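Chemist: I am attaching a structure below and will ask some questions about it afterwards.
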Amino acid sequence: MVFNRRFNETKPSREASSEYPQEQDASGEKNGEYTEMADQDPPPQGEVYNKADFESYGIRYKDKMGKVSVFLLIINRMIGTGIFELPSTILAGCGSLGASLLLWFLGTTIAFCGLMVHIEFGLMIPRHPDKYGRNWNCTPRSGGEKNYFEYLFIKRGLLPVCVYGLIFLFLGNTAGNSYICAQYFLRLVGTANPSEWLTKGVAVAVITFACVMHSIWRTGGIWLLNALAIVKILILWAIISLGYAARSGRFENIKAENPPPWSNFEPDRSFEGRSTGFYGWTISILGVLYAFGGYENANYVLSEVKNPTTTFAPSAIAAVVFTGLTYILTIVSYYLVIPIEQLFPDENGKTAKPVLLFFERLFDDNERVQRAVSALVALSSLGNLMTTTFVASRVKQEIAKEGIIILPAYHFWKREYESGWRLIANLFGGSGGRPKSNDNGLSGKDKAPIPALILHWGTSLILILAPPGYLVYQLFTRLHSYMFQAIFGMILGGGILYLRYVKPLRDPAFQWVALSKEAFHAPGVLRPVFPAIYFVATSFLVIAPFIQHGDTGESKLSQDNRLKWFVFPAVCFSLFGAGILFWFILDVLLPHTFDMKLYRARRAEFEGGNLAWEGVQLKWVCV
């Protein structure tokens, strides 16, 4: 066992493994070579460990999510407020109907390429030895980018965990969608021009409901997520149907307009007024990617997916393709009903809400219809933030398992507890309050990471209450898109290219390409295309805000100067700096000053490719 290292620093032998040679001497030390195909500090061959020494985690197989739930989980995260709120901002940034449609198609392409990168990482990392310590097997686990950054920066100890953990703790939340959900809820109940603090209060109530729901009943929360995902699909396809009905002349008020809204699709008008402002295009692309954000959602909860090696990829691909098609048809439907001039910002920089304007024009500003639309969009926002709450709490629990959340009682934040519903069932269901156990020593009842949900609730409150109300959604969408879609995407896209084509030049025994073909069967000719497109596109988005600070040409975003261009890059890179400082304190200063070192050990058992049991040990020890 070693201090503060999650990865084994040796190579398994050629006789024992198809990946790397591995030989072990009597001292338990291996022949000193370096492996980067294994996660964890695996026990030496023949080591017997006592599960009682570890804090146990795991989900019963029958309680894990199948293909339909994974599909709907991704749908629920991708379809949130973006498709209802951002089309007008995206149109303002690029300046023309044709250009905005191209951006939505580009967003679909980037999201699909990003998904391919996440699938490859998800099915390749982490890797664990079998019970004989001979072959390294792919064992997908929750945590998402945390696992992948640890692997890519394997020699940096706690650095990737500290940086990613700090970033995700603050930005992996639902502040923006909570605020939008609150706005639509207040519109539903007839509150005209609500105050900023009333809206924030409702937003706090919404995120509180989501956290409490997932704390009370895990299975019930998943059922609710699936139901809300189906509602979202029906909402968007209703918009698509109504838009094409308007184009066919079913709505006389739209048909009687001269020129009709669909005249903007004519070749000589579709690209009229397009922007030449670099910054405006950047904001538009970030907005599109925010609307597509969530395709990586299943990576965060792979430990809770049935047979992830066969379930994950087809469900995720189907979800992204379906969402991309639905988005493009929805945008076209908006443009068939709404003249694009009405979607541009007004003189105060305020943009229209496309979904409300769409139904207002179709039904002559009918109050009851507007309230019904507000209810549907509020439900869509609720589904999105509940999904984000579900997956973000799992990632924050994985971060807490690394021991870096050094708040009081640091052991508390990684724990999970019997959900409230199960506690009541145990007390009155004849079990005397004693949960049954399965063969792996697990509770047998569904558990919830309640401490991680508390942490998620607290960080969400900060981002809801701290910024001015008019900037909450705009600030959060740009911060989230720039960090998770642009910066993280650039690192992961470049990481796959490095592992495939650069690392083997330095180490001919490194067999990522061969092993990835076994884990994920993508067409051979396209395997380098996906990460290359993803890396180039996200790299552009990282540097674009610094190339041109203001808007030129026809960009309509120049009318809104409330959020300066440098704010979201500065905040994102400041979080990187704070993470590095945090790592220095935790991994360098404390050991050298107080002779204290963080000891971490994890053990795992698998059944048929499913994580059946995981044990975690954390403690600070003298060195």
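Every residue, even glycine, has its Cβ placed from backbone N, Cα and C.
Note that the coordinates shown come from a computational prediction; the quantities given were computed from them, not determined experimentally.
What TrEMBL records for this protein is below:
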type     : residues : note
REGION   : 1-48     : region 'Disordered'
COMPBIAS : 1-17     : compositional bias 'Basic and acidic residues'
TRANSMEM : 70-90    : transmembrane segment
TRANSMEM : 102-125  : transmembrane segment
TRANSMEM : 161-185  : transmembrane segment
TRANSMEM : 197-217  : transmembrane segment
TRANSMEM : 224-246  : transmembrane segment
TRANSMEM : 278-295  : transmembrane segment
TRANSMEM : 316-337  : transmembrane segment
TRANSMEM : 453-476  : transmembrane segment
TRANSMEM : 482-501  : transmembrane segment
TRANSMEM : 525-547  : transmembrane segment
TRANSMEM : 567-590  : transmembrane segment
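Let's see these features in context: how buried, what's close, how far.
Modeler: Same-chain residues lying 6 or more positions outside the transmembrane segment (70-90) and placing a CB less than 8 Å from one of its CB atoms are 100, 103-104, 176-177, 180-181, 225-226, 228-230, 232-233, 236, 283-284, 287-288, 290-295, 297-298, 301, 305, 311-312, 315-316, 318-320, 322-323, 326-327, 330-331, 334, 343-345, 351-355, 377, 380-381, 383-388, 390-391, 473, 477, 557.
Taking Cβ pairs closer than 8 Å, the transmembrane segment (161-185) reaches residues 6, 80-81, 85, 145-146, 149-150, 194, 199-207, 210, 374-375, 377-378, 381-382, 384-385, 388-389, 392, 395-396, 399, 402, 404-405, 455-456, 459-460, 462-464, 469, 472-473, 475-477, 479-480, 483-484, 575-576, 578-580, 582-583, 586-587 in its own chain, all 6 or more past its ends.
Below 8 angstroms of C-beta separation, residues 68-69, 72-73, 75-76, 79, 83, 213, 254-255, 326-327, 329-330, 332-334, 336-337, 355, 358, 362, 376-377, 379-380, 382-383, 386-387, 390 of the same chain, each at least six residues beyond the ends of the transmembrane segment (224-246), sit close to that stretch.
Counting residues 6+ beyond its ends, the transmembrane segment (278-295) has Cβ neighbours under 8 Å at 74, 76-78, 80, 82-83, 86, 89-95, 100, 103-104, 106-108, 110-112, 114-115, 118, 316, 319-320, 323-324, 327, 384, 387, 477-478, 480-482, 484-486, 541, 544-545, 547-553, 555-558, 565 in the same chain.
A Cβ distance under 8 Å defines the sequence-distant neighbours of the transmembrane segment (567-590), meaning residues of its chain 6+ beyond its ends; these are 4, 157-159, 162-167, 170-171, 404, 406, 475, 478-479, 482-483, 487, 545-546, 596-598.
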Chemist: Based on Cβ pairs under 8 Å, which of the stretches 102-125, 197-217, 453-476, 482-501, 525-547 lies most in contact with the transmembrane segment (316-337)?
Modeler: 102-125
Chemist: In the same chain, which residue numbers or ranges, 6 or more beyond the ends of the transmembrane segment (525-547), come under 8 angstroms Cβ to Cβ?
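Modeler: Result: 106, 109-110, 112-114, 116-117, 278-279, 281-282, 285-286, 289, 482, 485-487, 489-490, 492-494, 496-497, 500-501, 516, 565-566, 568-569.
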